[in-house]
Amino acid sequence: MTLRLPHCIIFSLILTVLLTLNLFFWGHFLVGILVGLTYLLFFGLILGTLLFSSRSLFFRSIYGLFFLLAGISFLGALIYYFYELSNLIVAILVIGIPLILIPLWALNKKPRTGDEHAPIRITSQLLLDSFLVSLFIFLDIINFQLLLKLSTEEAIRTPWSIIPFKFFVVFFATSAILLLFLFKNKKSSLGLLLSAIHTFFIVSVALIIYKIGYGFDPFIHQATEKAIFNDGFILPKPLYYLGQYSLVVFLAKIFSLPILIIDKLLLPSFIAIFLPPTIYFSFRQLFNNFLNPVILSVLVFILPFSSFINTTPQGLANFILLILILLSVLSLKKEFSLSLLWFLAFTTFLIHPLAGLPALIFTALLAVYLSPFIKNKSIKTIFASIAFLLTTFLVPLFFALASFFLGNGKSIFSIKKPENIISFFKELNWHWPTIVNHFNPFLDLIYTYGKNISFLAIALSLAGLFLARKKLPILFIYPLAFLSLIINYILLKSFITFPALIQYEQNVYPARILEISFYFLIPLVLFALYKFLEKISQSNFLTKTFFILILSLFLSFSLYYSYPKDDGEDYQIDRGYSVSRTDISAVQKIEEDASGRDYIVLANQSVSAAAVREFGFKKYYGPYFYYPIPTGDPLYQYYLSMVYKIPSRETIREAGDLAGVNLIYFVLNKYWTDADKISVEAKKNADETIVVDNKITIFKYQF
C-alpha cells in the first residue's frame, strides 16, 4: 500500500474540516462515527508508518492507532489539568494531529512494496476451516442474542443469577471450536479476527446484562466525564484518572455520541482490538511457527480478568500496563523501542497511578538491563539491584506523598502496626492450594480452579522461565518485577490503612497491587503454554481433542469466576447490587419531593450511584456530598446505623445537623437484610413514607 503526499494532504484536509464542522455545527452522530473512525484509522496508519516503517501494514495500522489513542490520552490529560477540554481545545487537537504527523511522515516516508497475498485455493482443509468458522460465529451469535434477551434493569448481584446453564455449554463449544481451528490453521489474519470476536464476547457479559451499568465506580467517572464534556472542566480538578477522562471526552466529541456509550464500550473494544495482535506479534518471533501463536490470545483468558469487565480508570490503566508488558518481549529482542514503553508507562500513570507506578517500576528495571551505556554485567547487576530495592516501597511512598501534598487536611492513609508475627501473616490472608468440596460438582470445580489459579500461574511462569532461558536470557526481569510488587503488596496490606474507605473495603488497594503483580508473569505463562501446546499438537487426535476440551473447560471456569458471584457462604457472595430502574425512580422522586429545598439522603451505594447518574455532583454541604459517598464518609456511617442498629429519629437528626439541613431522606431497598423489620421501626418516627415499585421505601424526616 502506497500513500502519496498530495492525496494525504487533501484527505487530511477533508477529514479535519468535516470533523470540525460536525463538532461546532452539525453534531450528527452518523457523520461523527463515519468521519471520526476514518480520521483515527488514517492518522493511526500515518503514525504507525512513522514509528514502525519496516513492519507490515497490519502492524503499522494496529499500533499506530494504539499509540495515537494513547497520545490523545496523554496530551489531553496534561491540557485538561492546566486548562480545560472544551470544543475549541478538541478542535485544536483534531487540526494539530495532521499538522504534526503529515510533515513528519513526508520527511521520513520510504517506498514500500505492497503486501503480497497468496491466491486462495479450495481444498478439503479450506472447507473444514470454513465449516469451523461458520459454526463458531453461529454459536457466538446465539450466546450474544441470549445475553441481549436477558439484559435487565433490575437489581442483581451477579449475571449468573439470570443466565442459564446452556450459556456455558454454548461458550464451552465455541471456545473448543476456536481452539481447534487455531490448532489446525497457521494463517494469522482470520485467527486474529475470530480471537477478537471471542475476546469482546468474554469481556462484555456485564456490558450487555447490566442495562443501566455495572459497579459503582463507573457512575462516578461517567458523571465526571459528562461535566467535562458539557463545561470543559469540573472543579476541583481531579489529579487522577485524567488520561481516561480526556480520551473519553475527545472520542465522544468527535463521534458526536453520548459519554455513556463511549465510556461503556471503551475498555471492551480496546481489549478486543489490541490484545490479540499484541500477544501474536510479541510471541511469533520466539517460536518455529509449528503452531499459530494466535491461540495464546484466547488462552490468556484462562487467567481471571475481573479488572477488564467494565470501563474504569483502573481497568483501562491495567490494560495498557498489560500491553506494555507484552510489548516488552519485543524490546528484549531489540525489536521495539524502549522510549515507546516509557511513553506507555507515563500514559498509564496519568490514567491511574496504581497501575502507572508498576509500569514505571518495570520500565525502569528494563531500562537498566537494556542500557547501552552499561556494558559490564556486574555493574549492570548492581544498578538493577539498587533499582529493585528502591521500587519495593514505591507504592507506599506514593501514598505518603499523595497524603502530604493532596490530602487537603485529611490523611489519605495511616500507619498500622501488627500485634505480632502471627497477626502479620494472618493479615496477608494468603492460603495454600485447596480443593473445594461442598457437593455441587459444577461450583466445586469452578472454585477449586479459581482459588488455585495463582499457584497455577506461578508454576507455569517458572516453567516458562526455564524453557525460555536460551531464547530470552533477560526474562528474569518479569519475576523480579513480580517480586517487587509482592513486597509492595505486603507493606500496604500489613502496615497501612485508608481512612476514606470503610472497614470491608480496606483491602481494595492492596488487592489491586496483588492482581497487577501477576500481570508480569503472563509472558512466562504464555511461553509455557505455547511449548506445552506445541507438544500436544504433535500427538494423536484423541490426545489433542482431550486437551482442547480441558482448556475450553478452563476458559469456562475463568469466565464464571471473573464476574460477580452469589453462590452462598460456602463459596462466595459478592454483596453489591447493581443500580436498578427503581433506584433511579427513587432518586427522581426524592428530588421532586424536595421541591428545591436543601436535603441529604441516607442510602446504600446503588442508590447513591443512581443519584450521581441522574444529577451529577449537584450538591455539597461543606465537604459532604448530599448522598453518602464515599463509604468512609460520616453520612454513610449514619446510614449503617439506620440499617444495622435502630433506625431512630435521633440518628437522622445528627446526620442533618452535620450537613446543616432540616430535610433528610432515608432510603431502604427491599433486598436489604431484615428490610421488613427495619421498615417497621423506621415508620414509627418518620414524617412520611414513599413506596417506589414495591421495591424501595423512602422515609422522609423534617425538623
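Each Cβ is built from the backbone N, Cα and C atoms, and glycine gets one as well.
What TrEMBL annotates here:
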- 7-25: transmembrane segment (TRANSMEM)
- 31-52: transmembrane segment (TRANSMEM)
- 64-83: transmembrane segment (TRANSMEM)
- 127-148: transmembrane segment (TRANSMEM)
- 239-260: transmembrane segment (TRANSMEM)
- 265-283: transmembrane segment (TRANSMEM)
- 289-309: transmembrane segment (TRANSMEM)
- 339-370: transmembrane segment (TRANSMEM)
- 382-406: transmembrane segment (TRANSMEM)
- 475-496: transmembrane segment (TRANSMEM)
- 516-533: transmembrane segment (TRANSMEM)
- 545-563: transmembrane segment (TRANSMEM)
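Sequence-distant residue pairs (6 or more apart) of the transmembrane segment (31-52) and the transmembrane segment (516-533) include fewer than 3 whose Cβ atoms are under 8 Å, leaving the two stretches without contact.
Most Cβ pairs under 8 Å to the transmembrane segment (545-563), among the stretches 7-25, 64-83, 289-309, 516-533, belong to 289-309. For the transmembrane segment (339-370), the partner stretch with the most Cβ pairs below 8 Å, chosen from 64-83, 265-283, 516-533, is 64-83. Long-range contacts of the transmembrane segment (64-83) within its own chain (CB-CB distance under 8 A, at least 6 residues past either end) are made by residues 40-41, 43-52, 89, 93, 97, 228, 233, 237, 239, 242-247, 249-250, 270, 273-274, 320, 323, 340, 343-344, 346-347, 350-351. Using a cut-off of 8 Å between Cβ atoms, the transmembrane segment (265-283) and the transmembrane segment (7-25) share fewer than three residue pairs, counting only pairs 6 or more apart in sequence. Taking every recorded stretch in 7-25, 127-148, 382-406, 516-533 and counting its Cβ pairs under 8 Å to the transmembrane segment (239-260), the highest total belongs to 7-25. A Cβ distance under 8 Å defines the sequence-distant neighbours of the transmembrane segment (382-406), meaning residues of its chain 6+ beyond its ends; these are 239, 353-354, 357-358, 360-361, 364-365, 368-369, 371, 374, 412-413, 480, 484-485, 487-488, 491-492, 495-496, 513. Residues 163-164, 166-167, 170-171, 173-174, 177-178, 180-181, 184-185, 190, 194, 197-198, 201, 205, 208-209 of the same chain sit 6 or more residues outside the transmembrane segment (127-148) yet have a Cβ under 8 Å from a Cβ within it.
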